[in-house]
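Here the structure is laid out as structure tokens; the discussion comes afterwards.
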Amino acid sequence: MSDSEDSNFSEEEDSERSSDGEEAEVDEERRSAAGSEKEEEPEDEEEEEEEEEYDEEEEEEDDDRPPKKPRHGGFILDEADVDDEYEDEDQWEDGAEDILEKEEIEASNIDNVVLDEDRSGARRLQNLWRDQREEELGEYYMKKYAKSSVGETVYGGSDELSDDITQQQLLPGVKDPNLWTVKCKIGEERATAISLMRKFIAYQFTDTPLQIKSVVAPEHVKGYIYVEAYKQTHVKQAIEGVGNLRLGYWNQQMVPIKEMTDVLKVVKEVANLKPKSWVRLKRGIYKDDIAQVDYVEPSQNTISLKMIPRIDYDRIKARMSLKDWFAKRKKFKRPPQRLFDAEKIRSLGGDVASDGDFLIFEGNRYSRKGFLFKSFAMSAVITEGVKPTLSELEKFEDQPEGIDLEVVTESTGKEREHNFQPGDNVEVCEGELINLQGKILSVDGNKITIMPKHEDLKDMLEFPAQELRKYFKMGDHVKVIAGRFEGDTGLIVRVEENFVILFSDLTMHELKVLPRDLQLCSETASGVDVGGQHEWGELVQLDPQTVGVIVRLERETFQVLNMYGKVVTVRHQAVTRKKDNRFAVALDSEQNNIHVKDIVKVIDGPHSGREGEIRHLFRSFAFLHCKKLVENGGMFVCKTRHLVLAGGSKPRDVTNFTVGGFAPMSPRISSPMHPSAGGQRGGFGSPGGGSGGMSRGRGRRDNELIGQTVRISQGPYKGYIGVVKDATESTARVELHSTCQTISVDRQRLTTVGSRRPGGMTSTYGRTPMYGSQTPMYGSGSRTPMYGSQTPLQDGSRTPHYGSQTPLHDGSRTPAQSGAWDPNNPNTPSRAEEEYEYAFDDEPTPSPQAYGGTPNPQTPGYPDPSSPQVNPQYNPQTPGTPAMYNTDQFSPYAAPSPQGSYQPSPSPQSYHQVAPSPAGYQNTHSPASYHPTPSPMAYQASPSPSPVGYSPMTPGAPSPGGYNPHTPGSGIEQNSSDWVTTDIQVKVRDTYLDTQVVGQTGVIRSVTGGMCSVYLKDSEKVVSISSEHLEPITPTKNNKVKVILGEDREATGVLLSIDGEDGIVRMDLDEQLKILNLRFLGKLLEA
């Protein structure tokens, strides 16, 4: 049958079906809407039967025609097949004209005809496509689709046609082939899919063709491919023998039907690049180079970058010689980064052209500053997480063409999250609604919901975080939440385009901050640093001789006003907190006592005329705060002699505790916890002798406990010993001996170790201090002799007990050797004894003389053998100790002899020079014993009267101008074995009984009570030695160390360097650097 006959036959069939359709529509109008839907089904069945009859007739008539090709050709679909027979133009034209005429006729009744046209015109459309007449095809489709849409035709002109309904027809169902995941060799996914296609083609016409339908290898999936098939056995048959699929032959997983559409879903990731943001190159000679975005072409998927060029000048130079040129080309060498130098290129023979603001060389554009501007594909750059280093920025340019620093920080990677909070005022900085202001209502990840402040916009709007920026106005009170000034608060005084100027509440400085680092707040900054260790206005120590006050807190540094009036910037780790000086006293220009929190006026110096409150006193310097001063937050420093107490006053409580009306300037002497006050008052017969000192009118403290040495019995500082600096009814401030740290402790956790007040106050064992100047040692009360009231031992006529030895033993020896009123020999406590829980005090007893006498006798005279003394050479012996320890050692200050004992008398100014007689250095032994016997004259020496009413005092009384430096090496309790710990190296002292072991070094293996199991290296054996016979080995530089005392006890680290008696240790736990005394460190055994 010819094509014309086919077309005529189809037309007749169409007319018949159209007439049937009209009759069916008349019937439909009579029925209800539900009934009409059911009626369409039999109609469709009749049409299908007619089509089948038509197909069978066509097959019978066309038996001689070659068989048709299958419509679904596997992997490749032919777009157009050319028929073997020649097609006549007139036949196509007739058919086309009939179609066009028919469409014009049926335009009025298109609702009834379009469905039938679609079904009947399928074959005719194939014939239309065979001829390439574009004009008539275009006219045909214009007329067909310009008047009405498919939705209007099918659904009666409804505009509510949803895309979801149309898409449901394309979704896979249970009757469709399934997708199976097959594990593949990574990187070979595409090649494996192609090899499966070739295998499918090869087996297509065999007895066992492959039963799979398709193979999918998505670009973003690594290590897997998807195979479409009805059964898993079909997949196994297809992948058998494919080398890249060996891993997945035994296990294939079926993709759920709901997830099958996601496999082929293409999500194009669009990089949101802005000009002046930073990227890096992925490949080529510019791999990993930093570049700046010049502009982006999203339509062409390209990006223009500004970068530092890499030009091979050697290659240009080698062009002169072809031989060298070919030799150079064999060895590829990545040229270094260097700015474009036009003069050098020309000197090497290169051709440089000019094009406006750019130079052209080898097809590349260079700026006049030497940067390369080149376009790359978007896939050739890395856009996420790009952070230019400081060196790269310096090489790129100091300030690259007005670069916006805010853009740099924004493009430093996705790890920087926004800091928007509900309640923030924001404005839109990008898009169509730019400059629209609003208030944040909610934050959901990167989506910010705001309520716009606009009269025409009443609904909430949602924006991405990058399109918003914080908005502030003048007068807002804000807090800095990030950056250098984090934690500071202040008032906004000026708002500029990219930053905000605010006036700090704390330091009264102007701060320049980015808007994104601010947040509205109502509270004021606490003035405490991030670590909570320091606060604004705190007195800190910069070095052993310099202190200062923190006037500005920053994230990593402090600004400190030192005692000389200079503001220095230091790191947090470089300062240490100064101990509390609230009770320090100084003298102003009119000899008034001034204290902390007093209001004073400055009458001299650079700050003359100012008035302020004293915050800190240190030596002769006072740190003052003035609310009228803006600089340094109102803090300034001046000398105390430049001050005068506001309103003036007489010396406070001076007559109660000073001699002759003298007001001491030293804060330590005037301190109520000092033993001199109690001793002096007791010595003068006041009823409060030894009661704890004077009071300055600040009666909130418990004076009974202040100054005592106590041991902490509970808590984290259990076992530590210190001196009570201040006390109330419930708590006490204790300065620890081991760490020089002052802490607050509950009084119920304290036990008194000893009393340091001379003046008759009894302690636990009836001893006042211990040795030295104690009145009673054993027994209780105030029994001056040793046993009861027996001054002579046997009868009442013998004043000296044995011979001329009045103070033979410790009991009746008020001082050690010289008189009780000898101002030249205060005889401080000599040493601690293990049978009494008494550690040496926090402060040594002051000397009654400034120059000439004993300026500071050592508090512990002899170091106890059980104490780990690292530097014993710094322990001068206490005067007067020879008689106490039955030795023949001498002291040039207190060793009177019968031949010529010298007893100094204080001059009116008490600035005399001690000059002992030459004979005073000889020790004459008593017939009764081998004890040095002091001359009787020593106990009868009377000092000359002083014009200022000065008289000799109890040892330890204050003296004008006397000073009390701390004794070196007295920071560790002598009878303590707390330093003993495992794994440290020790040395056996000469006090150990076994002489073969003495002097050997070893390592402590274990500690039980006071006994240590020590492995001796030399003798290669383990011995048990008491801790009192051991001493730790001092570590040296780069040694592994272990902290043996203090709050960091048991911590390990590496000793990096040594500065005097201190060592800088890098701790193993937190990698922090700490400065510790070498006596607190033990040397670990090297691995």
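Cβ coordinates are placed from backbone N, Cα and C, and glycine is handled just like the others.
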Feature phosphothreonine, as given in Swiss-Prot - residue among Thr208, Thr775: Thr775
Phosphothreonine: annotated position in Swiss-Prot, out of Thr768, Thr784, Thr881, Thr954: Thr784
Which candidate, of Arg17, Arg696, Swiss-Prot gives the annotation asymmetric dimethylarginine: Arg696
Candidate set Thr806, Thr828, Thr845, residue annotated phosphothreonine in Swiss-Prot: Thr806
Among Thr791, Thr933, residue with annotation phosphothreonine (source: Swiss-Prot): Thr791
In Swiss-Prot, the member of Ser666, Ser891 to which phosphoserine is assigned: Ser666
Rounded to the nearest Å - Cα separation of Arg619 (DNA binding site) and Thr1034 (phosphothreonine): 35
Tally of residues which DSSP labels helix, strand or coil - the domain 'KOW 5' (704-737): 0 helix, 17 strand, 17 coil
Three-state composition of the domain 'KOW 1' (273-306), taking helix and strand from DSSP: 0 helix, 18 strand, 16 coil
Residue, out of the recorded positions Arg619, Thr1034, whose Cβ gathers the largest set of other Cβ atoms within 10 Å: Thr1034
Integer average pLDDT (0 to 100) for the repeat 'CTR2-7' (916-921): 40
